[in-house]
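*Asks:* Take this structure, written in structure tokens, and hold onto it; I'll ask about it next.
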């Protein structure tokens, strides 16, 4: 809306004073004053010809002065032949009053040319505005996405960006670190044998858990370097020496599966040569190291990983120690047999793979050896070597039956001591202990045929074990008792049963 005024502020104020000095008490309407020429109307929505559609007089106060609206910041767009420019005015259309000392003030901003009679707000009015100061570019809208401003350190995340320019006068500037003449090259450090052993040991121990040779081959491909291939065989055998026969069997299978894929026959031979030279140190931790190494070499030959001449010609190995010669003789003795099929079981059969009769026979021999020696630690070692924790109830069964058949209190004391030690070390679980005793209670009808005093000995043995404190209430409550022969006077009424009973009875 364009607002135009035809009179100056000074003239309007003078007209008001004339009306007041005249002393006229009559109050004329604004329309009458307009007709009299005292005030002029404001043209609203003036067209191009200057004629307004609606005329609205300016308000007049009680003192006769014209009340003008407060000046507001208005932005107008004026188009001309040379382009468009934004003009900031305070709401008054003409600036003619400025020449006569009126209230209209005109200010020209940098790059802004106001229209004739236009009013520009001084800088103190819009210095804190968010609008861009560069009005010759853009649309004059507030800045978006910028990192500047009061109390702002930059765009979020800009501190992580590398500085393109580094000031040499900066106190934190380091000429050594920021030298542009430095050439960076990739350097691959060689892994030492000790470091390779630390990397390979977790892989082998994990293999003993899952038994997947393909996974082991992939793991070795990631950490393996050319000169270290000959170390694989020596590391596998050294770790297997500290484990059981079942893990040694898995190690032999692993060497056979890695042959031709990760390591070659020459690498396996070099690995065994390293072990032969290290036998004086290995025997300190594993006294049976020469025999174990001989078994590994014989199994590798049976699996066609290395040729038989590696063992049959010891003169090719230089500076052999006494323990190395013993290992070669062990391997040669295993290979002298005509058939090598027995070498598949050079480490024995695993616990679950062996027949039940074989395991039972070994447990019987274990108990007989214990009764003769009374060595509890050796009995524990032999039981662990069987690797059949799910079949320990058979050991409890055989121990109780052997006690009943011995008819000796010394055997009862020895077996009670053994069972108590097995319970304290948790080598035999309480479930296995209960299952072994319950099996004996169920078979008492057959055992008493061979041992007439079996019930008496069993009651005495259970009482001894109960005093030792390793029996559960379930075992004590299920102890069988054999009833004695009843006499005629104890309830049969003196009647003797016939020898032959009718079929219907």
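The backbone N, Cα and C atoms fix where each Cβ goes, glycine too.
Pasting the relevant annotations from TrEMBL:
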COMPBIAS  1-12  compositional bias 'Polar residues'
REGION    1-153  region 'Disordered'
COMPBIAS  25-36  compositional bias 'Basic and acidic residues'
COMPBIAS  66-75  compositional bias 'Basic residues'
COMPBIAS  76-90  compositional bias 'Polar residues'
COMPBIAS  92-104  compositional bias 'Gly residues'
COMPBIAS  122-142  compositional bias 'Basic residues'
COMPBIAS  143-153  compositional bias 'Gly residues'
DOMAIN    195-316  domain 'MI'
DOMAIN    358-481  domain 'MI'
*Asks:* Average the pLDDT scores across the domain 'MI' (195-316) and report the rounded value.
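*Replies:* A mean pLDDT of 90 is what the predicted model shows over the domain 'MI' (195-316).
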*Asks:* What are the helix, strand and coil residue counts for the domain 'MI' (195-316) according to DSSP?
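*Replies:* For that range the per-state counts are 96 helix, 2 strand, 24 coil.
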*Asks:* Let's see if you can do this one: DSSP helix, strand and coil counts over the domain 'MI' (358-481), in that order.
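*Replies:* Residue counts in helix, strand and coil order: 101 helix, 0 strand, 23 coil.
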